[in-house]
Ligand code: MLT
């Protein structure tokens with residue numbers, strides 16, 4: 001009899017977003033006339049930038065000509081894309097990142113999970129609470145945790161609470177941890193990290209031989225020049241951090257799929273026998289074996305993000321979503337709610353009123369206003385009593401959702 005990976009049995013019944021979709025679908029079946037507005041999952045709604053579409057159309061034509069046709073590409077991504085990323089996203093900000101340290105992939109979500117392939121099973125792992133659920137669930141799947149307790153915490157993980165009291169920035173652990181997940185601008189709270197705060201983490205990681213997994217999927221939403229876009233803007237980070245980035249949220253590639261992971265060449269992990277091992281070599285080996293790269297057409301689309309037109313079109317997209325965030329913040333404040341985030345980040349994090357639980361608030365918003373958000377408790381125990389509203393939607397939908405909340409909540 002074939003056996004299964006029992007670790008999957010430790011997982012909570014459903015991944016958060018499919019679970020929300022299930023509840024919303026049940027509501028719609030019972031109320032087919034309801035015009036539901038979804039501000040739950042952070043999925044983009046606006047069309048792909050023209051520059052990206054033009055580049056992909058041209059790339060399709062390349063594939064129709066024997067001379068420019070492409071078969072398998074490099075597993076790490078095409079050099080012309082990696083070089084543009086290195087130069088525009090990193091070197092232009094003073095980060096010493098070389099194109100060879102950039103690996104193109106089909107998504108940050110996949111890479112955040114896949115990266116665990118190259119790390120040992122005995123690492124002490126720290127996550128913030130609340131947190132993007134993928135970090136936790138992939139560790140559960142890999143057998144890095146025990147069972148879940150009544151609070152929704154997995155035995156063996158170190159949870160670092162982020163709440164209004166600490167400005168949604170975790171206090172550094174007092175114990176030694178080996179792997180640390182950080183996400184800034186933060187999903188779900190919309191908090192950002194100062195240079196000094198990130199420096200403290202880098203110093204901690206270097207002192208303890210830890211590695212930081214830095215998820216910068218939302219860096220394009222930063223407008224405050226004092227806030228770092230990359231962990232590599234911090235002195236010493238190349239020795240202790242891997243960074244994940246995505247074209248999903250800046251260029252609207254959630255359905256097109258393209259992302260990147262930076263693994264610096266001088267990042268070292270320990271083998272069981274105590275020997276130093278270059279992490280880059282393992283990731284390169286992993287990708288070469290398990291991945292065949294992102295399609296040529298999509299990589300050409302991603303490359304267009306760095307053209308003059310592409311940059312202008314992406315700025316317009318980001319400005320548009322950030323105006324949505326401002327409207328959400330203003331209207332919810334008017335409704336008497338305490339709001340956080342939504343500045344330099346596309347998520348607004350709301351304190352639920354009158355002691356409502358996150359799921360009570362979800363149900364009330366769905367039933368009274370036909371508006372969907374994401375319950376904070378779905379991101380971890382310390383998210384209880386909070387609620388996330390995403391700025392990714394059309395202006396009409398955002399205005400209408402806020403009108404309903406002000407009128408009917
Ligand atoms: C979210 O809503 O948290 C995001 O859509 C998750 C993701 O990007 O995978």
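We number each residue from 1, going along the chain as drawn.
For all residues, glycine too, the Cβ spot is worked out from N, Cα and C.
Just so you know, TrEMBL annotations are computer predictions that nobody has curated.
Note that this is a predicted model, so its numbers are computed, not measured.
Quick look at what TrEMBL lists:
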- 15, 42, 109, 132, 187, 292, 388: substrate binding site (BINDING)
- 35-405: domain 'Aminotransferase class I/classII large' (DOMAIN)
- 72, 108, 109, 132, 187, 218, 246, 247, 248, 257, 292: pyridoxal 5'-phosphate binding site (BINDING)
- 249: N6-(pyridoxal phosphate)lysine (MOD_RES)
Practice task
Within 10 Å of each Cβ, count the other Cβ atoms, then let me know which of the binding-site residues 187, 248, 292 comes out lowest.
Solution key: 292
Completion exercise
Taking 15, 72, 246, 249, 292, 388 as the recorded positions, the residues having C-beta under 6 A from ligand 1 are none
Completion exercise
Here the 10 Å Cβ neighbour count for residue 42 (substrate binding site) comes out at 22
Handout entry: From 15, 42, 72, 109, 187, 388, the binding-site residues whose CA lies within 10 Å of that of residue 249 (N6-(pyridoxal phosphate)lysine)
Key = 42
Practice task
May I ask which of the binding-site residues 109, 132, 187 is closest to residue 248 (pyridoxal 5'-phosphate binding site) if we compare their C-alpha atoms?
Solution key: 109
Handout entry: Where the record names 15, 42, 109, 132, 187, 292, 388 as binding substrate, the maximum Cα to Cα distance in Å
Key = 35
Handout entry: For residue 72 (pyridoxal 5'-phosphate binding site): intrachain residues, at least 6 apart, with Cβ closer than 8 Å
Key = 292, 293
